[in-house]
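Student: Here it is: the structure, laid out below.
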Amino acid sequence: MSVILDDDVLLILTLDEELSAPLTPSNGLGQEDLPSKNGGGQSGPNSQVPSLVSGADSPPSSPPGHNWEMNYQEAAIYLQEGQNNDKFFTHPKDARALAAYLFVHNHFFYMMELLTALLLLLLSLCESPAVPALKLRTYVHATLELFALMVVVFELCMKLRWLGFHTFVRHKRTMVKTSVLVVQFIEAIVVLVRQTSHVRVTRALRCIFLVDCRYCGGVRRNLRQIFQSLPPFMDILLLLLFFMIIFAILGFYLFSTNPSDPYFNTLENSIVNLFVLLTTANFPDVMMPSYSRNPWSCVFFIVYLSIELYFIMNLLLAVVFDTFNDIEKHKFKSLLLHKRTAIQHAYHLLVSQRRPAGISYRQFEGLMRFYKPRMSARERFLTFKALNQSNTPLLSLKDFYDIYEVAALQWKAKKNRQHWFDELPRTAFLIFKGINILVNSKAFQYFMYLVVAVNGVWILVETFMLKGGNFISKHVPWSYLVFLTIYGVELFMKVAGLGPVEYLSSGWNLFDFSVTAFAFLGLLALTLNMEPFYFIVVLRPLQLLRLFKLKKRYRNVLDTMFELLPRMASLGLTLLTFYYSFAIVGMEFFSGRLSPNCCNSSTVADAYRFINHTVGNKTKVEEGYYYLNNFDNILNSFVTLFELTVVNNWYIIMEGVTSQTSHWSRLYFMTFYIVTMVVMTIIVAFILEAFVFRMNYSRKSQESEVDSGIVIEKEMSKEELLAILELHREARGTSSDVTRLLDTLSQMEKYQQNSMVFLGRRSRTKSDLSLKMYQEEIQEWYEEHAREQEQQQLRGSAPSPAAQQTPGSRQRSQTVT
């Protein structure tokens with residue numbers, strides 16, 4: 001489950017007097033119990049959970065309420081660490097570390113990290129070789145770089161204060177970031193002193209500052225999966241290169257005797273051209289010189305492509321896909337057990353000495369004020385009731401295990417009426433009821449599908465009959481008006497029959513509304529002759545996407561596509577980080593190398609040739625445009641690298657650069673191809689895994705269960721509401737909480753109700769699907785995890801001098817990470 005980042009910000013803001021004041025007991029909802037010494041009253045695998053108020057951190061005379069507030073906050077931190085998959089050895093160990101932890105975990109710090117990283121990356125636009133329009137003087141960009149690096153130093157100092165030196169040096173990613181920071185600092189000072197730029201390949205390492213940002217957690221996960229998939233990938237890659245070298249040697253002996261064949265005249269050229277042939281960029285050109293001399297030579301190339309391209313490359317995808325599946329399952333298992341351990345830590349900080357059997361509502365309410373500060377008092381109580389499956393005054397550990405799933409619910413009062421028009425006069429009710437029945441009928445839906453299909457065919461025929469040039473008519477086509485009228489009538493009928501809220505709650509209805517609105521804007525653009533907005537008319541074919549709802553497989557494809565969009569964005573950002581690093585290296589070594597007529601001595605001279613010659617009275621220009629694919633600045637480098645990713649004619653760029661530098665330049669292009677092949681293979685494997693997973697789940701579950709979200713129904717009685725209201729009044733709770741509770745009470749009295757039903761909703765995540773897919777194995781994982789915790793407890797229970805705490809210190813977390 002993803003972290004609600006808005007709640008992280010307010011964690012530090014909850015340290016004021018209003019929220020830290022302990023609630024007084026009322027009506028049995030909570031009693032003033034003393035927290036146990038270690039945050040819990042039970043002995044078990046997690047009985048050694050540390051507390052920020054233990055040891056010398058809390059004075060002997062401190063009131064019990066202060067201890068509870070600290071326990072609430074630390075329990076909330078444990079839950080956040082479980083949700084964010086943060087290792088428990090980074091847990092703040094004392095009040096001083098807690099202050100730094102709270103500062104580091106808020107949106108201000110996150111934005112500071114992100115903006116600093118972006119500033120460092122964007123400096124490549126201004127540094128030599130710079131984009132001409134954005135070039136800055138050396139002292140300006142060097143000063144900006146030093147400023148950004150000083151901010152990074154401040155960030156690392158705050159993390160050092162939070163983690164402590166020993167934990168700080170154990171954190172690998174932080175140490176890598178620190179090492180890069182030192183190198184960047186030295187280089188920036190040298191540039192500022194010398195007032196000139198030098199070869200700075202280490203600028204390619206600036207991506208680490210972006211990758212380490214909190215908002216780029218998806219990029220870190222992608223990089224981790226790429227590195228985890230490398231061992232099997234490298235095995236198949238070595239096999240591929242082995243066959244390539246064997247065929248290169250064979251090709252050299254077979255075709256080097258042909259003087260008209262430049263592809264195999266040396267062993268180096270044989271290897272390079274077979275590597276390019278693997279991408280099919282130079283096929284069949286590479287075959288034609290030998291094929292013209294001996295037709296049987298085609299067998300060599302057919303066998304090579306069959307083995308390398310169609311067998312080993314597909315085998316590579318299969319191996320990566322299998323490894324990716326195992327990694328995804330292992331990742332789900334690790335995160336599930338990590339969350340379970342975090343819940344155990346939080347639970348033992350919330351049980352009291354008087355009530356060691358569970359968490360009272362008072363303690364749960366205190367936890368949620370820190371864990372979900374934006375959650376209202378009514379929502380906190382409903383969350384408690386949703387968790388409390390045993391209907392007892394105390395929340396057991398078994399019930400508390402569902403805290404992540406239940407805390408994400410959005411609660412709303414259940415409407416007493418079925419439709420929005422139920423309270424209208426009878427005549428209006430019958431009209432809207434008929435419209436509701438009509439728009440929900442199968443006949444109406446299939447009629448609209450037929451209209452969309454006819455519209456699609458009409459657009460296709462209309463476009464086919466158009467000529468080149470100005471294809472936008474000066475008058476509005478009658479077909480445009482007819483179909484737009486039908487779509488508009490459908491929109492108004494659905495809004496009238498379903499109600500605006502229910503209509504807009506459907507993703508497909510939102511899509512229909514957007515396309516119809518754009519079509520109406522296109523009509524205005526045609527009517528008012530607004531040429532700059534004619535592009536809106538081209539969006540009409542988007543209506544055809546509605547036809548994908550007809551077939552279940554199409555719906556699954558579209559649903560999978562929409563589910564993949566956030567992850568695909570992070571994968572795209574991961575690819576851009578590789579682009580940035582390779583672009584920096586390319587600029588340092590190849591900047592200014594390519595120009596018109598630069599490669600006349602190479603085999604790709606025609607692609608770079610620029611010739612003016614006169615034919616009669618006219619000057620004719622023969623221009624090869626490949627000199628534009630250069631590394632003269634960061635923007636040109638990104639375009640060039642994208643062309644290399646597509647692989648069509650990528651060898652022309654490689655050979656052009658090689659002719660102006662050295663043969664070793666080919667290593668840069670080959671390495672880039674291999675790296676992008678790894679990333680692209682991971683992307684394909686991810687898409688396959690997500691689609692196959694959804695297909696398997698849809699076979700095991702009902703279709704409605706797959707498409708619908710999570711819905712929980714809970715009832716709140718008037719007595720419970722009055723008790724919570726009294727509790728918050730006596731505790732001087734926030735005015736917004738009291739106001740919402742009074743609004744709910746007035747609504748009950750208005751309709752003379754003794755209770756009110758609330759619905760908790762949230763979208764179904766992949767974690768929910770995985771819980772059902774692996775439900776048989778999950779119990780085995782839990783049992784194995786419990787045994788590991790017991791063994792760890794036995795190992796940690798032996799007394800040793802190292803286990804004795806000094807005054808002012810705090811016991812470290814003994815959790816399995």
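Counting begins at 1 with the first residue displayed.
Placed from the backbone N, Cα and C atoms, the Cβ positions cover glycine too.
What you are looking at is a predicted structure, and each value in this text was computed from that prediction instead of being measured.
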Student: If you compare the topological domain names in Swiss-Prot, are Phe88 and Cys298 on one side of the membrane?
Tutor: no
Student: Can you break down the topological domain 'Extracellular' (194-202) into helix, strand and coil residue counts using DSSP?
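Tutor: Its residues fall into 3 helix, 0 strand, 6 coil.
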Student: Mind checking which residues of the chain, 6+ beyond the ends of the intramembrane segment (631-654), have their Cβ under 8 Å from one of its Cβ atoms?
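Tutor: Apart from its flanks, the intramembrane segment (631-654) reaches 124-125, 129-132, 276, 279-282, 579-580, 582-584, 586-587, 589-594, 604, 607, 665-666, 669, 672-673, 676, 680.
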Student: When the pLDDT values for the topological domain 'Cytoplasmic' (222-235) are averaged, what is the result?
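Tutor: That region's mean pLDDT is 87.
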Student: Can you name the far-off residues of the same chain, 6+ from the ends of the transmembrane segment (575-595), with a Cβ under 8 Å from a Cβ of it?
Tutor: 121, 124, 129, 199-201, 203-207, 210-211, 219, 608, 626-627, 629-634, 637-638, 640-642, 656-657, 660-661, 665, 668, 672, 675-676, 679
Student: Under DSSP, the topological domain 'Extracellular' (123-137) has how many residues in helix, strand and coil?
Tutor: 6 helix, 0 strand, 9 coil
